[in-house]
Amino acid sequence: IQIYKVLFILLEWTCPGLPSPPRPICDLRVLNHFIQEARDAEVAMKSCRDGCGLTELVSVPQTTVNFDDWERKNATEQAQEVQTGLWLLHQALGLLQASMTDVDLNNHIDNSIRNLLSINAVLRSLNIQEYTPPTSAVGLEGTWKVSSVAEVLQVHVNFLRGKVRLLLVGAEACQQDVS
């Protein structure tokens, strides 16, 4: 047993901090938690009276899913569509954050932004290639413009429930080897 301790210490000393690949996060309860928090933000918006408006139109991802089209896409195309949508939501929530004066709603927006970053970490754990965002949302396919905070938050919930869930359920890293 002493030799193993020495080997372990030696390995730690010669190869400190070797990053181990992240384990895939396939448990949909993680996503369900993010969806619930997005719904909480949507509910909080309904009680907001002052300081809850948007000053400009914002681009958000389309949330409708044509399942035939989705199935025809390869995993990389699906991942890029989801990552583009997450980037658009991050941009939109950032604009909300900057324009909100309602403290309670702003806390929900902050939390939603953190959750989007966590979802990106989940995608990395599934070996989904790192996303390089475009320089602007102009000309991006699969987007539309919304004019209210309520619409942004509704899109956020629906996007998580739809395309993000489909990507996680179909991720290769989450498929069980049935043999």
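Count begins at 1; order follows the chain as displayed.
Glycine too: its Cβ is placed from the backbone N, Cα and C atoms.
For Cys174 (disulfide bond), other Cβ atoms within 10 Å of its Cβ number 16. According to TrEMBL, the disulfide bond annotation covers Cys26-Cys174 (among others).
Contacts of Cys52 (disulfide bond) defined by a Cβ separation under 8 A and a same-chain sequence distance of 6+ are given as Met45, Met100, Asp102, Leu105, Val149, in order along the sequence. Residues or ranges marked as disulfide bond by TrEMBL: Cys48-Cys52 (among others).
According to TrEMBL, the signal peptide annotation covers 1-19.
Here the CA atom of Cys174 (disulfide bond) lies 39 Å from the CA atom of Cys48 (disulfide bond).
For Cys26 (disulfide bond), the same-chain residues 6+ apart in sequence whose C-beta sits under 8 angstroms from its C-beta are Leu126, Leu168, Ala171, Ala173, Cys174.
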